[in-house]
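The block underneath contains the structure these notes are about, expressed in structure tokens.
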Ligand SMILES: O=C(O)C1=C[C@@H](OP(=O)(O)O)[C@@H](O)[C@H](O)C1
Ligand SMILES: C=C(OP(=O)(O)O)C(=O)O
């Protein structure tokens, strides 16, 4: 599913960002809307769905398991739920492209189905760790084959799953969600304790569909055997995509941009907290709750940034935003230190190493550490960097162009379409100067 065609960006230096825009829908919530909408009884209408390759991969596999899904059409998707036990065995393996969220959440959701299924992914996904889900699922009685804990994963039909309590070894919403989804099919109460809060969209959506989810301190639990009732889901704009324009405005003098209807769930707003601590001028207006998720318009006006030591409690709350935050750090006065972020090494690329390499190429003093990075603010130069097929790296270096001394060429950008279709057009509309080249 992931883009095989190669693309390059040439980013021309200078400019500022202004205007009012809505970025595409939240990726995490879009995935979950298809998964839970498919298992619900009744029809779920989704609006604001992300028409990016990752969420479309999830949609395609549920279609392949017999769910009647109409759309997407301008963000509208209609899912005719088949109920908890209505999925059909797919006729071929499920290709999840570049999407870690799809593979990890589906491992749990599919572990309790009455059929065998194989899940595959692209080169990047095929190198990502899956033992973090297969180990606890095995404790629940699932039978899963992997090669050295990496995809492809083959799930074998099991007669039943048993509920467990699991202490998550790492702060991961994907592993937490995987176990809760398996727990829907387990006998008894499945509970998960997390070392630090992570995004809670699964819990919120389950509750929105009438499933009882208990939360006590850092433990979340549910009892298997219940049912989900279809509901309408308004997917907010993705704060992870909004981040590129927030950082753009934070580094480019004269900028003033408003990002509309962005999800500001407290488990996702690390980027706002970190940028504010660096001195960014951010205001939230039109705050409301829609479909159980808080949303707001985020306005960001340029103000000079200073380097900070990033509080470790913000790391899981901003986990996908670090490549862009490293650009903010490169443009800030003084030193920024990130620790406790070793999870960044197992995303679509090793985001610590790849960002450090690119920043160094552009003349910034950036030193990777085992669990983070130390960046000294400086002057961004021109040069050629590689995104290693990682959408967030490609978009981060694109916004760096605003403060660069010359053009930046970014290689291997096709995967931007996994999370942010239309990025280049939207970026150019608000003031960036990005040329997209095939090949
Ligand atoms: O649950 C989710 O939707 C996600 C959880 C995070 O992954 P981890 O759980 O691996 O931290 C995040 O990086 C990913 O983009 C989406
Ligand atoms: C890590 C990400 O996604 P996934 O794990 O779903 O591939 C991301 O979008 O930054």
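Cβ atoms here come from the backbone N, Cα and C positions, even for glycine.
What TrEMBL lists as active site, proton acceptor is 320. Residues or ranges marked as phosphoenolpyruvate binding site in TrEMBL: 27, 100, 128, 174, 351, 392. Summarising the annotation, TrEMBL assigns 3-phosphoshikimate binding site to 27, 28, 32, 172, 174, 320, 347. Feature annotation from TrEMBL assigns domain 'Enolpyruvate transferase' to 12-425.
Among the binding-site residues 28, 128, 172, 174, 351, 392, the residues whose Cβ sits under 6 Å from any atom of ligand 1 are 28, 172, 174. Each residue contributes its Cα atom, and for residue 172 (3-phosphoshikimate binding site) and residue 392 (phosphoenolpyruvate binding site) these two points are 18 Å apart.
By the criterion of other Cβ atoms within 10 Å of the residue's own Cβ, the least surrounded of the binding-site residues 347, 351, 392 is 347. The separation of residue 32 (3-phosphoshikimate binding site) from residue 174 (phosphoenolpyruvate binding site), Cα to Cα, is 11 Å. In this structure the residues listed as binding phosphoenolpyruvate are 27, 100, 128, 174, 351, 392; their two most distant Cα atoms lie 19 Å apart. Of all Cβ atoms in the protein chains displayed, 24 besides its own lie within 10 Å of the Cβ of residue 32 (3-phosphoshikimate binding site). In terms of local Cβ density within 10 Å, 27 ranks first among the binding-site residues 27, 128.
Neighbour counts of Cβ atoms within 10 Å were compared for the binding-site residues 28, 174, and the top value is held by 28.
The Cα atom of residue 392 (phosphoenolpyruvate binding site) lies nearest to that of 320, taking the recorded positions 28, 32, 320, 347 as the candidates. Taken together, the residues in the domain 'Enolpyruvate transferase' (12-425) have a mean pLDDT of 98 on the 0 to 100 scale. The residue listed as 'active site, proton acceptor': 24 other CB atoms within 10 A of its CB, across all protein chains.
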